[in-house]
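Below: one structure in structure tokens.
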Amino acid sequence: MSNVREVAMDLLLKIERSQAYSNLLLNQAIQKHNFSQKDSGLLTEIVYGTVQRKNTLDYYLNFFISKPLSKIDDWVVVLLRLSVYQMAYLDRVPDHAILNEAVTIAKKKGHKGISGFVNGVLRNVQRKGLPSLASVEGKALQLALECSHPQWLLERWINQLGVQNTTDMCTINNTPPSVTARVNSLKMTSVNEVIQQLEEEAVYAEPSSVTPVGIKMRTGNLPRTNLYKSGSLTIQDESSMLVGYAVDPQPGEKVLDACAAPGGKTTHLSERMKNEGEITAIDLHEHKVNLIEEQIERLDLANINTITMDTRKAANLFQEGSFDRVLLDAPCTGFGVIRRKPDIKWSKQPSDIERIQKVQYELLESVARVIKPGGLLVYSTCTIEAEENGNQIERFLQEHPEFEWDVSFYDRMPTSVQPYISSTKGELQVLPQYFDSDGFYIASLRKKSN
Ligand SMILES: C[S@@+](CC[C@H](N)C(=O)[O-])C[C@H]1O[C@@H](n2cnc3c(N)ncnc32)[C@H](O)[C@@H]1O
């Protein structure tokens, strides 16, 4: 039987060395090792927790180790981090058991000197306790350590959103995300019907308080249910479901989903169009376009054509004014989904914002041409970074006077989010703490009629 902490160490090393995604690695490991539900829970908690708390754990470790952590073998640092994580944040495992496990792993992987070093550091942590963060100077650094986020990111957020919003967002980013799903309105008549049928399969959910098509899971394994397999549901965050309302495509229209994979929003648009009309779904990568195809098949949808291409070349393929509505769900830094992918905090740098911002703007300019006069452009991201959101749209509106804010956006959106929409702009920024959902941005613009 594989040892949970040893597997956790291997996964954390892979994340550290090759910036692999923690969620994908975890799912693979749980299947490969056939862990019990309890061990899967512990593995998930240790891996996510150690990634989430990385800077704080390193701050603690620096008090007990005289040389810089960069001078120590990476696997030893990872082993110490995951051990201190458990000592600091998990109540259910006694410190002496954590220490014994760490020393056993160190003995197995290294030489005697290393296991002695690991033993010495962890014994000191156990005896002296962890240093207090209360005396750390500077609000951004203190928050960075208390809530385990990079200081540069917090400085940006405090500037853009203020201290309270930033603190609330960092706090929720360290909690497990909710599982929510969208009901396929072509197969099921109501959310309540779905909830009742799921109960027959021992899965329990409640209606979403954010969107009328959503359910929020309480317990049970949704992907294993017949209802899921037969295409009555799609796992999707509630914020993403809002995009379907923003685009509001009508049966019979021509719609472009410009960055579509893996197809969560494309399929929602298709369901709302009752399978009538035509959706063109583009993505840059063929393997990702295949994921859209899989969803189309699972959900029995018939009005979607997929294309693998760079949307920045859309004008070569489509005539000016070809589409009634365009959704640009742009690639972004993903700072709104840190709860799901905590490694994003450490892998992204300020230069990534600049790089992605450029791509987003090129995509915006490219799709602008193919929208009909009077047609709609919906731009969305799963980030909370103003540079990728509101600032992009303000610049686009200045440079493209043929577009204007679509103020009717407010009326199309579910009442739950209306208080967050301004009366003069078709714009919504969801922070994760508003609805316990992903952080998300949606802007709606109309191309003026000739
Ligand atoms: C935020 S994701 C889209 C998520 C999708 N709309 C959904 O709801 O499932 C952004 C997508 O844009 C794609 N992408 C990035 N650059 C692109 C480009 N230049 N042209 C087309 N697609 C691109 C990425 O491959 C990625 O799948």
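One-based numbering along the chain as shown.
Glycine too: its Cβ is placed from the backbone N, Cα and C atoms.
Quick paste from TrEMBL:
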DOMAIN    169-448  domain 'SAM-dependent MTase RsmB/NOP-type'
BINDING   CYS259, ALA260, ALA261, PRO262, GLY263, GLY264, LYS265, ASP283, ASP310, ASP329  S-adenosyl-L-methionine binding site
ACT_SITE  CYS382  active site, nucleophile
Measure from the CA atom of CYS382 (active site, nucleophile) to the CA atom of ASP310 (S-adenosyl-L-methionine binding site) and give the result in Å, rounded to a whole number.
20
When you look at CYS259, ALA260, ALA261, PRO262, GLY263, GLY264, LYS265, ASP283, ASP310, ASP329, which the record names as binding S-adenosyl-L-methionine, what is the longest CA to CA distance in angstrom?
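Spelled out: the longest distance between any two Cα atoms in CYS259, ALA260, ALA261, PRO262, GLY263, GLY264, LYS265, ASP283, ASP310, ASP329 is 19 Å.
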Within 10 angstroms of the C-beta of GLY263 (S-adenosyl-L-methionine binding site), what count of other C-beta atoms is obtained when all protein chains are considered?
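Here the count is 28.
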Any idea what the Cα distance is from ALA261 (S-adenosyl-L-methionine binding site) over to CYS382 (active site, nucleophile), rounded to a whole Å?
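For ALA261 (S-adenosyl-L-methionine binding site) versus CYS382 (active site, nucleophile), the Cα atoms are 14 Å apart.
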Looking only at C-alpha atoms, tell me how far CYS382 (active site, nucleophile) is from LYS265 (S-adenosyl-L-methionine binding site), rounded to the nearest Å.
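About 13 Å separate the Cα atoms of these two residues.
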